Amino acid sequence: MADKMVRTPKCSRCRNHGFLVPVKGHAGKCRWKQCLCEKCYLISERQKIMAAQKVLKTQAAEEEQEAALCAQGPKQASGAAAAAPAPVPVPAASLRPLSPGTPSGDADPGPEGRAAACFFEQPPRGRNPGPRALQPVLGGRSHVEPSERAAVAMPSLAGPPFGAEAAGSGYPGPLDLRRPMRTVPGPLFTDFVRPLNINPDRALGPEYPGGSSMHPYCPFPLGYLDAPPGVPLQQGFRHVSRSQYQGGGLVSEPGGDFQPSYYLPPPPPPLPPLPPLPPQPQFLPPGYLSALHFLPPPPPPPPPSSFSLTVLFDTDKENTDDQDAEVLSGEPSQPSSQEQSD
């Protein structure tokens, strides 16, 4: 039992920290999984190196398998060509054309000779060759012109003739590739801009005698510049239609102050009518004021009573005392006047 325990693989990180923990069932549960000490760092680097070596081994095995398939491809293609010399229809997209010339000097061999000269070529090595691993290529020179490749890559542009045209022109079978017409090389860049007309008198000035590529600066004619004789000065601008003056929308006026060339903004739209006010609540019932005319007139004041109680205030008392004093002073004056008369 002790020997079995000793031979059981242990966790190296736990062993670095003084613990013996079996690896079985311990994956992802180590307490020192993120430890950065010197020994644990060496363990993590060793694990990275082992993973890289494993990836390299798998890539080498895949390359060996691809090399074996490439070696078997040409053998199978040559055996199939010898067994079936008749032309086999192959899609034009998978054909890689070469020059139709042969070592014997024939200018245009027949379709049988071209079909016999076909063989399958293995494309460049890659991880996934795909369904187009075997591509038939015409025999002869290995050099292919770019124009011929473009013509075969787009068979829809120059399709084979049908009916009487095919019989009259002697169009070959499906494997016979017509020689495409050579395109006339044109300039890389075509200038579609209108030619620039420059006055030779103004092309070069005395300041720059050697600057042939410099264009003069022609300022716009403004109102304060000297105008030639017979031309009125520009004193303002007004906006006119293009039919009156083809040079632009601004023309000069014979006189007047400067006028702005913008339009006044349109008047604002009229305001919508105000909504009617809600009816005010009536505190008096309708017809109440009209009923006031039918009320009886107020009764007349009562007649004065025979017995009246007069209440004299202090001010009234003072007024009565003054009146009594005046009456008393006026009474003795009357006999004196009588005496004077006697």
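Backbone N, Cα and C define each Cβ position, glycine as well.
The DNA-binding region annotation in Swiss-Prot covers 11-58, and the record cites sequence analysis as its basis. If you look up Swiss-Prot, you'll see 263-284, 295-305 marked as compositional bias 'Pro residues'. Under the heading compositional bias 'Low complexity', Swiss-Prot lists 331-342. For 91-131, 245-342, the entry in Swiss-Prot reads region 'Disordered'.
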Mean predicted confidence [pLDDT] for the DNA-binding region (11-58): 90
Helix, strand and coil totals (DSSP H, G, I; E, B; other) for the compositional bias 'Pro residues' (295-305): 0 helix, 0 strand, 11 coil
